[in-house]
């Protein structure tokens with residue numbers, strides 16, 4: 001390979017150190033939390049957090065899965081809202097974006113502007129709060145976690161820009177063959193748009209999966225908590241889960257004390273589990289999505 | 001009128017596709033604008049439909065906000081924290097992107113990038129759980145280290161002065177991987193011939209980076225900088241609320257406009273005030289975005305938002 005002078009070698013060493021250390025640092029908290037989720041309460045109290053589990057203890061996970069229904073219930077709500085929300089996002093966004101690329105639609109510019117303008121202003125928290133609770137009556141309703149986040153102008157324009165790259169001739173020849181716009185959209189354009197659907201779908205799914213702000217504002221019913229909100233409650237109120245631990249929990253504990261830190265860490269780990277599993281896939285499409293967005297927003 | 005009906009008839013399927021979205025934007029983005037009126041009333045939930053018959057008090061709520069010490073305090077915190085995030089974020093992102101691009105071992109470069117990108121997917125609530133493992137008073141890793149060095153336990157959750165630094169750190173942890181992507185794409189777009197030519201002229205790697213890569217990244221940096229300045233009065237509620245919560249001890253440095261508005265609405269029940277502060281934020285934010293976009297348009301038409 002090419003020879004490097006001393007300065008270059010030092011620089012390269014420096015860059016290896018920077019990127020290497022930073023990426024280890026990115027992994028570090030996950031590791032500490034993972035270790036803590038396997039630690040028993042006694043050693044946590046005695047030694048605090050560590051880099052290696054003093055003992056390999058599954059009590060926290062047992063409790064999360066069998067000792068309480070709260071975590072599984074929140075998991076279910078999170079999965080349902082994520083699936084429904086992502087699907088709704090894709091349907092509404094693509095249906096809104098496609099007509100904006102059809103040249104024969106006269107009001108195309110005005111409607112684009114109508115969508116664009118929403119990026120510039122918002123009514124703020126109070127009007128949104130009153131709208132949601134008093135006009136739409138969505139308080140303590142799972143729909144509040146699904147519907148309001150389903151459409152935003154940014155996604156519309158990402159998708160519109162993608163549709164605009166598909167050749168006009170496709171739609172024109174289908175039209176000559178007698179197809180209507182609905183058919184063209186559904187049977188021709190959508191199947192050609194899988195990459196952008198995947199990208200926007202993943203962005204949306206990520207947003208829904210990590211949703212807790214709307215729960216904070218609009219949901220009091222514990223059965224409708226999302227996983228992230230549950231984690232926040234456990235974090236701010238250490239005994240939050242413990243009050244829901246029933247007889248089955250005592251069985252799972254088998255005489256040990258309740259691992260309060262372990263419970264918190266195990267719940268956090270479970271919530272990011274699917275993300276880690278899907279990570280290669282997520283990364284690929286997210287990288288694509290960011291560069292699409294950066295090239296033209 | 002006639003041609004409108006004709007147009008709708010000709011493109012009826014297209015308008016049918018547009019309809020859900022049009023309704024959606026109307027309900028969730030345009031309708032709340034009517035509620036800006038709440039900023040000018042002494043809100044009474046019982047007064048008329050949706051409290052619209054509440055007593056009109058004009059500029060009272062805004063005046064009250066601007067005569068209190070709060071407004072300087074929360075505006076300063078919002079802008080100051082965002083400015084810290086923007087400057088540190090852009091610097092570290094650029095450094096990491098250049099670093100990743102220079103690594104000779106492709107496998108390492110890819111692995112490092114994957115690791116850096118991972119925190120982006122983790123929500124602030126989980127970051128808060130992780131943060132407690134590191135900063136906790138009882139058994140937190142940092143305090144264990146301090147104790148091991150013979151120093152006293154430091155209570156991070158009671159000392160507001162360290163929080164701007166902690167927030168910057170956590171923000172970098174979560175956001176840098178995402179930010180490097182745009183820089184890496186820009187670097188990948190640089191014409192390789194420039195580097196070849198520099199090499200023939202005897203330039204070292206260090207010189208190529210400092211004289212070619214960094215200057216060519218400047219337009220991207222300026223653009224990202226200006227676009228983030230557009231959002232400088234909009235705080236990250238999710239981050240602050242998940243990490244700090246309702247902890248009043250940390251408010252001196254972490255209370256931002258968004259947490260203040262939330263508290264006014266949900267904790268103090270001062271709805272008129274909450275709406276007024278939001279209005280202030282929206283107006284300033286609107287001006288910031290428009291000017292940022294105008295500036296960007298002047299420099300590079302294609303990077304402008306609209």
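Cβ atoms are placed via backbone N, Cα and C, with glycine included.
Summarising the annotation, TrEMBL assigns transmembrane segment to B:12-40 (among others).
The domain 'ABC transmembrane type-1' feature in TrEMBL is assigned to B:75-292.
The annotation transmembrane segment is assigned in TrEMBL to B:79-100 (among others). Outside the transmembrane segment (B:79-100), and at least 6 residues removed from its termini, the chain residues within Cβ reach (under 8 Å) are 109, 112-113, 116, 164, 167-168, 171-172, 175-176, 179-180, 182-184, 187, 209, 213-214, 217, 221, 224-225, 228-229, 231-235, 254, 256.
With a threshold of 8 Å between CB atoms, the same-chain residues lying at least 6 positions outside the transmembrane segment (B:121-142) that come near it are 153-157, 166, 170, 173-174, 238-239, 241-243. The transmembrane segment annotation in TrEMBL covers B:121-142 (among others).
Summarising the annotation, TrEMBL assigns transmembrane segment to B:162-185 (among others).
Annotated transmembrane segment per TrEMBL: B:221-244 (among others), in sequence order.
Annotation source TrEMBL lists transmembrane segment at B:271-296 (among others). Counting only same-chain residues 6+ beyond the ends of the transmembrane segment (B:271-296), those with a CB under 8 A from a CB of the stretch are 35-36, 38-43, 51, 54, 57, 60-62, 64-65, 71, 223, 226-227, 229-234, 257-258, 260-262, 264-265, 303-306.
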